[in-house]
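Pulled from Swiss-Prot, these are the features on record:
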- 131-187: ATP binding site (BINDING)
- Asp255, Glu271: Mg(2+) 1 binding site (BINDING)
- Glu271, Asn273: Mg(2+) 2 binding site (BINDING)
- 104-304: domain 'ATP-grasp' (DOMAIN)
Amino acid sequence: MSRGPWHVAVLMGGWSAEREVSLMSGKGVADALESRGHKVTRIDMDRDVALRLAEAKPDVVFNALHGVPGEDGTVQGMLDLMGFRYTHSGLVTSVIAIDKELTKQALVPHGIPMPTGTMVDSESLFSVDPLPRPYVLKPVNEGSSVGVAIVRDDSNYGNPISRDALGPWQQFDRLLAEPFIKGRELTVAVLGDTALAVTELRVKSGFYDYDAKYTDGLTEHVCPADVPDDVAQRMKDLALQAHRLLGCKGASRSDFRWDDEHGLAGIFLLEVNTQPGMTPLSLVPEQARAVGMDYAELVERIVEEALT
């Protein structure tokens, strides 16, 4: 299909913990497409989404959902059954990438360096630490750092963790515990078959959690990151390799920790996000700008890939 004009249904919102982020992403995408002359149907995801899509009859669906069910293969399967073309990754890739443990199983055998970890259930935390402190607890299938905590010796969760501790992970049953990797937080966006740039995330206080990601002023984005050329290239190579191994489509974003005292050996891939944010503060649009691509062009590029 040509560059349009297209009729694009933008799926956003939903009921995951990342609903508000998705609404911001969806609004940005829809506004950008309309500014380029495309017809847009905005759909706040609900249980009647299939009926609403059937009525709209779009040329393509822009999936701006984050979390379950828009990022775990559920929506992708529905769109496949309905015969709609859609942006970003397909069913199988989404099922694997949303699950941090499955992602490790898919990538580590191919030489992608990732932290060792162990699966735990939240109840077991009250009797024994799963790893030596400090360690990171994260839900297996949430994004945007929802439910993530760093458990340190001096944390207020208790030792062992107390049932009265108000840890952000408590609403989740399946957790992944990983060693805490000291150092710097970096991320690489991949668009199509190109790694765009490396961004360093410098948090004013604490760590790069949900609030730090989506509250203006809490995190400084340094793009391109001030890191050695070989480190930047290694991260871009790993992000592109992970994108290809998982079968990602459209845009993805790979998050890294880098222990800068150990050079290339200190680079660890944390996760691959197949539905990266498209808010004004989001990293993929920022990296696109760094390589000369404005927001509306980025959105059109993602839609074009879905239509080819």
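Each residue, glycine too, has its Cβ placed from N, Cα and C.
Features per Swiss-Prot, on structure.
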| residue | record | Cβ within 10 Å |
| --- | --- | --- |
| Leu131 | ATP binding site | 17 |
| Pro139 | ATP binding site | 21 |
| Gly147 | ATP binding site | 21 |
| Ser155 | ATP binding site | 15 |
| Arg163 | ATP binding site | 10 |
| Gln171 | ATP binding site | 12 |
| Pro179 | ATP binding site | 16 |
| Thr187 | ATP binding site | 26 |
| Asp255 | Mg(2+) 1 binding site | 21 |
| Glu271 | Mg(2+) 1 binding site | 20 |
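Reduced to three states, the DSSP call for Glu271 (Mg(2+) 1 binding site) is strand. When Cβ atoms from all protein chains are considered, those within 10 Å of Asn273 (Mg(2+) 2 binding site) total 23, not counting its own. Taking the C-alpha positions, the distance from Gly147 (ATP binding site) to Glu271 (Mg(2+) 1 binding site) comes to 15 Å. Rounded to the nearest whole angstrom, the C-alpha distance between Ser155 (ATP binding site) and Glu271 (Mg(2+) 1 binding site) is 25. Of Asp255, Glu271, Asn273, all annotated as binding-site residues, the residue with the shortest Cα distance to Arg163 (ATP binding site) is Glu271. A mean pLDDT of 90 is what the model gives for the domain 'ATP-grasp' (104-304).
If you take the Cα of Pro139 (ATP binding site) and the Cα of Glu271 (Mg(2+) 1 binding site), they are about 12 angstrom apart, rounded to a whole number. Taking Cα separation as the measure, Glu271 (Mg(2+) 1 binding site) is nearest to Thr187 of the binding-site residues Leu131, Gln171, Pro179, Thr187. Cα separation, Thr187 (ATP binding site) to Asp255 (Mg(2+) 1 binding site), rounded: 4 Å. In the set Leu131, Gln171, Pro179, none of the binding-site residues has a C-alpha within 10 Å of the C-alpha of Asp255 (Mg(2+) 1 binding site).
The secondary structure of Asp255 (Mg(2+) 1 binding site), as reduced to three states from DSSP, is extended strand.
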